[in-house]
Structures are given as structure tokens and as C-alpha cells.
Amino acid sequence: MMTEEQAPGTAWQPLRHGLFRSLWLASIASSIGTWMHEVGAGWLMTSLSASPFMVSLVQVAAAAPMFLLALPAGALADIVDKRRYLLAVQAGMAFIALALALITFADLMSTTLLLLFTLAMGIGTALTMPAWSALTPELVPASDLPAAISLSSVGVNVARALGPAIAGIIISLAGPWATFAVNALSFLGVIAVLALWHRTPQQTVLPAERLFGAIRTGWRYARSSRHLQRVLVRALAFFLGASAGMSLLPLIVRSELKGSAEHFGILLGCVGIGAVAGAMFLPRIRQHVAVNLLVASASLIYAAVLLALAWIQDFYLLVPVMFLSGAAWIAVLSSFQVSAQTSVPAWVRARALAVYILTFFGSMALGGVIWGLIASWFSISISLSFAAVIMVVGAGLGWWVKLPALSAEDLAPSLHWPQPLMGVDVEGERGPVMITLEYEIDSVDTDAFKEAMEEVRRMRQRNGSFSWQLMQDTENPQLWIELFFDESWYDHLRHHGRVTRAELKIESAARHFQIAGKPVRIRHLLKG
């Protein structure tokens, strides 16, 4: 069980688990290949077209699928076997990278083809991220999850540092086609580990959810889960402000510091080194600092970093500043990811993480636009100072919008709902299903009962119900009828298995007001 006060002992402890270690190393190799692809594609486009617009479209093609496909990808990952799903996606991306390498080597590449290939790789990345993130809790025990997520972030930063550098060397020696070929090879490690992993599939007698129904259910969960919403609000506040540093750094180096590409690369390298160093100390820090205080402190440090970038025009003074920015970034990023992972039950985890990923990319993109416009209207320093104010406000949110700290036991299925009594045979896809519960409540308890039922409403909607009402009988004012609707009989049976032990307490709190000796009467009604 993990709470705010508990944390793993060392940063490297998750690597003791062989499967996590293998996937972590393989994912670093794959991420290096992905960064090499991005550099190679951008460089190749400059040789195919002199238009800055066409060059910028390479980044658009790589990023756009994330906004369009993250939630469908999360739904897919929740309703199919994650191992087989990831295996298929990674194999497809390897094939696309190989085809891109061969076509480029044969000198048959065009701007349109390059954008299509980059779009295809972006689709693969969008399909991978929610499933990959949701896989981590299966690889390590709950006590090692924060360190495992920090190590995953370390891997990303290592790849970000090594990938472009290796790509530059390979392009100078052989050309862009070779970076695409190496990228194709980089998928082999992940494919091999996934192929050799004998994952025990979840046992269920119900068929998998339909994709569009799963997407709707995931969206309902996100709208009804206060725990997840807290993470999303805090993430939006942080990333919206933090995006100013990365989006304006090239302009800071070129315009304010009068620096070169080498200076820009050094500052980026300091961010990566700071992130790696921060990840090494995070497990010990978490043993003594609660997660909300950690995020607030790191947010204030990042605000100070933005102010330093705004007003310090000495390259050498900014080197330690960027080191601090990397450490603060990894502290906040890993804390948000742990909170997102541990605030939702397993059945909806990939969909919930997809919503978190959308919030991350959306706030970074929106922030980049906002701070860029403010910099163009006023100055870079003013823009960064405004962003620092947003960071301070985001840190202050921690007093009211606290990150959740749930245990695995709280999120375990309670399985306390009895099976419905059946007088007829029902086809699984038949629906909708209306479920009614009849409560008899003393008039003095009415207000408290209605307040408790608001939490019940959220619970029903989190677990898949698309409509909910609480009605009072006009003839017998003590009689209250709860109605909620599931899309089909199969969906209602899935609803049975989704109610958690924490939600059992919510139900019990509402039923506490039932007049003693009066049973709660439950009915199931199907559309005729």
C-alpha cells in the first residue's frame, strides 16, 4: 500500500524486477531511435523543400495523431491484451521505419511521402503511449511504482540527449536514410521482450467492450472522477506555465544570449542531466516530503527558473539554472504520473492516462502559443515573467486541489453486488438497462441522504452509467427512487465488476439513512 508518506527506498530498486528492467532498457533504445527519426526527417525535408512551412509540417505530422488518437488508443489498450496490442503496434512501426529507410535510400522520397511516413509513425506513437504507461503497474509492486515512473522519465531524457547527437553523426556519414534504418532496428528489443513475456490475461466471461462504447465510458469516468480531475487541474496549471521555458529557449539563446546552436545544445543537455540527477534523489525525498509539498516546491523552483531565464543574460549563470529546471521538471512530472496511475482502477487505467496525456500535450501546445504571442507583443522577459506568475498560482493550488493518495486496496473490486435475479433469458447486447433502487428515508434525514446520493451519482457515472436520477414519490414522501441506465446488459454486468472497495463505502454511507428494517428494493428493467 502506498500513500503520500510512503516511498520506495532507492531509485534503482525497480530494476531488480527482470521484466521491468528488460522493457526499460529496450524502451531507451527505441526512444533513441525515435529521436533519430525526428532529426533525420527534419533534415531530409530541408533537402526536399526550402519552404519553412513544409519543414514545420514534419513536427505537425508527428504530433497531431496524439490529439486525435490518444483516447481511442487508451480505450483499445483497456479492452484488448496489452502485450499483444503493443507487440502489433511496435512491429508495425518497425516495418514503417524500414520502408522509409529503403525508399529514402533508393532516392524515391518526396515531401508528401515523407509527411505520410511521419504521420504513420506519429500514429504509432499515439497508439503506444497510453498502453505503455498503463503497463507499468503490472511490472513492479505498488511500492516501487514512483521510482519506476521516474526511471522511465530518465530513459526519455537519456534518449533525448543521445538520439539527436547520434543522428547528427550518422547523417554526416551516411545520410538520413541510415537514421531511419537504425530506428527500425531500435524496435527489435521491445518486440523481443514483449514476444517472450508470458503475460497472464485477465479472466472474464464477458466479451470485450466495443471500441466506441469504451471511449464513451472512459470519457464519463474522467468527467466523474474527482481524484483524476485533481491531477488534471494541477497538471494543466503546471505545464501551461512550464511550457514557456522550452518553447522560448531557442529565442533566448539566439536573441538574448547571442549564442549558437552549441550553446542551445548545452543548455538542453543540462536539463537532461538535471532530470537524471533529480530522479536519483526523488525516492529519498519522497520518504520525507509529502507529494503535494514536493510538487509545490518544485513548481516554485521552476518559477524561479523562468524568472532567471527572463532577466539573466549570462550563459554560464544559466547552466546551473537549467540543471535545476530538469530536476524540478522530473519531480513534478513523475508525481503527476504516479498520481494519475494510482487514482484509477485497472479496468479504466489506459483511458484515464490517455486523458492525462491529452492534458499534458494540450497544455504544452497551448502554452507555447500563448507565451510566443506575449513575447512577440511585448518581450521575451515579460512573457517568461507572466509564465512564472502562473507557476506560482499553480503551486498555490496545492492548498485546495490536493493530489489523491489512494491505495491499491481502495481500488480493488469489491464484488459485493449480487447477481440479478432472472425470469427471462436476456441477450447480452440488449439495452438500455434501467436499474432502480427504492429507499425509504425519514424526513429528518432527507438533506443528508440527498448529499450522500450525489457521491453515489458520481460513482454510477464513473463506472459506466450514462444517465442517473433521484426521484421522490409524491404519495409517500419517504420513498426515494434512484434510477441509473447502462447501455446494454453486458455493460451492466461489467458495472458489477467495476465497483471498488472505496466505492462500497460510498454506497454504505447512503444506505445508512435507510429506515431500519426496510430493505432497499432493486429492480432491473430492459427496453421492450
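Backbone N, Cα and C define each Cβ position, glycine as well.
Residues or ranges marked as domain 'Major facilitator superfamily (MFS) profile' by TrEMBL: 19-406.
Taken from TrEMBL, the feature transmembrane segment covers 23-45 (among others).
If you look up TrEMBL, you'll see 51-73 (among others) marked as transmembrane segment.
Per TrEMBL, transmembrane segment is recorded for 85-106 (among others). If one looks beyond the transmembrane segment (85-106) by at least 6 residues along the same chain, the residues whose Cβ comes under 8 Å of a Cβ in the stretch are 30, 33, 37, 44, 76-77, 113-114, 117, 120-121, 124-125, 127-128, 131-132, 135, 175-178, 180-181, 183-184, 187-188, 190-191, 194-195.
Counting residues 6+ beyond its ends, the transmembrane segment (112-135) has Cβ neighbours under 8 Å at 23, 27, 34, 37, 41, 44-45, 48, 57-58, 61-66, 68-70, 73-74, 76-78, 82, 85-86, 89-90, 92-93, 96-97, 99-100, 103, 337, 341, 349-351, 353-354, 357 in the same chain. The transmembrane segment annotation in TrEMBL covers 112-135 (among others).
Long-range neighbours of the transmembrane segment (147-171) within the same chain, counting only residues 6 or more positions beyond its ends whose Cβ lies under 8 Å from a Cβ of the stretch, are 7-8, 10-15, 20, 24, 27-28, 31-36, 38-40, 43, 136, 139-140, 178-179, 182, 268-269, 271-272, 275-276, 279, 282-283, 326, 330, 333-334, 337-338, 341. Taken from TrEMBL, the feature transmembrane segment covers 147-171 (among others).
Here TrEMBL flags 177-197 (among others) as transmembrane segment.
Long-range contacts of the transmembrane segment (231-252) within the same chain, counting only residues at least 6 positions beyond its ends with a Cβ under 8 Å from a Cβ of the stretch, are 222, 264, 267-268, 295, 299, 302-303, 305-306, 309, 325, 329, 332, 336, 339-340, 343, 355-356, 359-360, 363-368, 370-372, 375, 380, 383-384, 387-391, 393-394, 397-398, 401, 403-404. Look at TrEMBL and you will find 231-252 (among others) tagged as transmembrane segment.
Per TrEMBL, the feature transmembrane segment maps to 264-282 (among others).
Annotated transmembrane segment per TrEMBL: 289-312 (among others), in sequence order. Within the chain carrying the transmembrane segment (289-312), a Cβ under 8 angstroms from the stretch's Cβ atoms is held by residues 4-5, 234, 238, 241-242, 244-245, 248-249, 252, 318, 321-322, 324-325, 327-329, 331-332, 335-336, 338-339, 380-385, 387-389, 391-392, 394-396, 398, 402-403, 405, all 6 or more beyond its ends.
Beyond the transmembrane segment (318-340), the same-chain residues lying 6 or more positions past its ends with a Cβ under 8 Å from any Cβ of the stretch are 133, 145-146, 149-150, 153-154, 157, 228, 230-231, 234-235, 238, 242, 245, 257, 266-268, 270-279, 281-282, 285, 291, 294-295, 298-299, 301-302, 304-305, 308-309, 312, 352-353, 356, 403-405. Residues annotated as transmembrane segment in TrEMBL: 318-340 (among others).
Residues annotated as transmembrane segment in TrEMBL: 352-374 (among others).
As annotated by TrEMBL, transmembrane segment applies to 380-401 (among others).
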Best-contacting stretch, by C-beta pairs under 8 Å, relative to the transmembrane segment (23-45) and drawn from 51-73, 177-197, 264-282, 380-401: 177-197
Where else in the chain does the transmembrane segment (51-73) make close Cβ contacts, counting only residues six or more beyond its ends and a cut-off under 8 Å? 38, 41-42, 45, 111, 114-116, 118-119, 121-123, 125-131, 211, 215, 218-219, 350-351, 354-355, 357-358, 361-362, 365
